[in-house]
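See structure below.
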């Protein structure tokens with residue numbers, strides 16, 4: 001077994017394998033890193049200026065290692081020659097898809113390990129020298145033992161395989177940051193001499209940039225379960241705050257204030273307490289259901305029921321949000337134009353897997369609505385592919401239009417529905433003229449946010465910011481400390497409140513107020529807009545976990 005890794009192969013050029021190996025290559029110029037995949041189109045995209053996935057910072061990292069931009073020798077390669085990469089590698093990451101089974105035992109819950117098993121078989125049949133094989137995919141407990149069985153059965157007698165578990169803890173939208181400054185690097189291995197040597201060899205790869213105290217060696221079972229447990233507990237927090245958002249709406253409470261108050265308790269903390277239309281992405285639902293299946297297969301019924309409820313609440317939240325839209329539109333969406341802003345499951349990614357938008361838009365299609373969608377990163381082909389799983393192509397063509405800008409999507413729309421928290425949709429750059437400020441002050445004279453703050457004409461933004469140019473004074477509506485950057489309710493890197501934004505940075509809500517049909521309904525499924533500001537523009541706003549703006553529809 002190699003004591004020092006010189007050549008790495010990663011099987012799978014997806015959301016995990018590509019970014020992970022790009023960072024490893026960038027930080028280890030002496031190691032040759034080859035990412036392989038059978039999909040020629042995907043490999044061609046990784047070799048091109050237009051990468052197959054969008055992730056902030058990824059382009060720079062890939063170009064550094066792939067193209068040798070700093071004068072270094074390129075050491076990041078993308079190929080379809082799987083066998084050649086396996087033969088050359090000291091260490092092999094298995095980073096393939098592990099979807100939920102659709103047929104057979106455990107269908108709808110258990111992980112389908114077809115691609116993992118296929119990769120392991122190919123490694124065993126091709127390898128002629130000792131290999132360290134690393135589980136990078138999210139897998140159920142016991143997968144490492146299954147891989148060892150495959151290697152012992154199919155591998156050559158003189159070839160030794162050591163299997164490690166090295167789960168990823170990346171969040172889409174911040175994957176490069178997560179890779180560059182990880183909370184922890186978990187290495188699961190057998191407690192044998194060769195197992196620990198293999199773990200140390202992989203630890204040396206990460207040690208090129210990760211502090212040694214963050215590289216943790218545990219047994220393989222703990223490592224395999226840790227990834228599932230982490231995702232399940234994050235999903236649980238989201239479902240918990242979403243369940244409370246329903247109570248807030250019925251009791252007249254504000255979920256943002258509730259989350260802020262609860263998050264101040266250091267035992268709980270503020271993260272993942274953002275109420276929304278529901279979680280999405282490739283991991284949360286899949287991993288929770290995988291844990292449910294594991295509990296069921298071990299006859300832990302109560303444990304299975306507990307975790308199943310996390311997914312049930314998520315589905316309930318999406319359905320509840322859609323019913324709220326239908327109710328406020330006189331209980332019918334038939335032939336009504338609905339503008340949807342955002343389709344990706346979260347901001348700063350083009351990933352749509354398990355996006356709440358798929359469910360919400362699907363229910364609108366079932367109501368025969370005319371849905372016009374705008375998302376800055378998701379392609380029309382991806383949207384129609386997602387929706388075709390539940391609807392016929394002719395139905396999608398009739399009911400769904402994908403727009404290149406938000407203004408086309410919103411023109412003459414009966415309602416605007418926000419389903420992704422893109423910064424572009426925020427209202428933090430909106431500055432109100434005095435007339436609208438007075439209107440708000442009369443409506444809510446005790447509101448501490450409605451203090452006058454004059455801005456000089458030199459600070460007055462252009463029309464693109466959504467402001468009137470009438471007069472030389474404009475009024476800032478003071479943003480609540482509960483949603484200002486750095487508070488427990490908002491990420492520390494959020495955009496500064498009340499900055500004057502150019503038209504490229506923020507949508508022009510004033511322009512939307514002139515083109516959306518009265519009564520100008522906005523349904524904010526991500527709580528990204530300031531309802532007070534939009535009320536000044538005569539919008540009627542419904543947010544998650546907050547009472548709706550009074551209107552003739554209520």
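Yeah, the Cβs are placed from backbone N, Cα and C, and that goes for glycine too.
Any TrEMBL annotation is an automated prediction that lacks curation.
Residues or ranges marked as NAD(+) binding site in TrEMBL: 12-17, 37, 42, 96-100, 137-138, 172, 283-286, 353. Positions annotated as active site, nucleophile by TrEMBL: 283. For 339-439, the entry in TrEMBL reads domain 'UDP-glucose/GDP-mannose dehydrogenase C-terminal'. TrEMBL lists 446-503 with the feature region 'Disordered'. Per TrEMBL, compositional bias 'Low complexity' is recorded for 453-472.
Counting only residues at least six positions away in the same chain, the Cβ atoms of 108, 109, 110, 111, 112, 286, 289, 290 sit under 8 Å from the Cβ of residue 100 (NAD(+) binding site). Secondary structure of the domain 'UDP-glucose/GDP-mannose dehydrogenase C-terminal' (339-439) per DSSP, as helix, strand and coil residue counts: 40 helix, 16 strand, 45 coil. Other Cβ atoms within 10 Å of the Cβ of residue 12 (NAD(+) binding site) number 26 in total over all chains.
Listed in sequence order, 138, 231 are the same-chain residues six or more apart from residue 283 (active site, nucleophile) with CB atoms under 8 A from its CB.
Within 10 Å of the C-beta of residue 172 (NAD(+) binding site) we count 24 further C-beta atoms, all protein chains included. Note: residue 97 (NAD(+) binding site) has non-local neighbours 12, 14, 115, 137, i.e. same-chain residues 6+ apart with C-beta under 8 A of its own C-beta.
Of all Cβ atoms in the protein chains displayed, 23 besides its own lie within 10 Å of the Cβ of residue 15 (NAD(+) binding site).
The Cβ of residue 285 (NAD(+) binding site) has 235, 279, 311, 314, 354 as same-chain neighbours under 8 Å, each 6 or more residues away in sequence.
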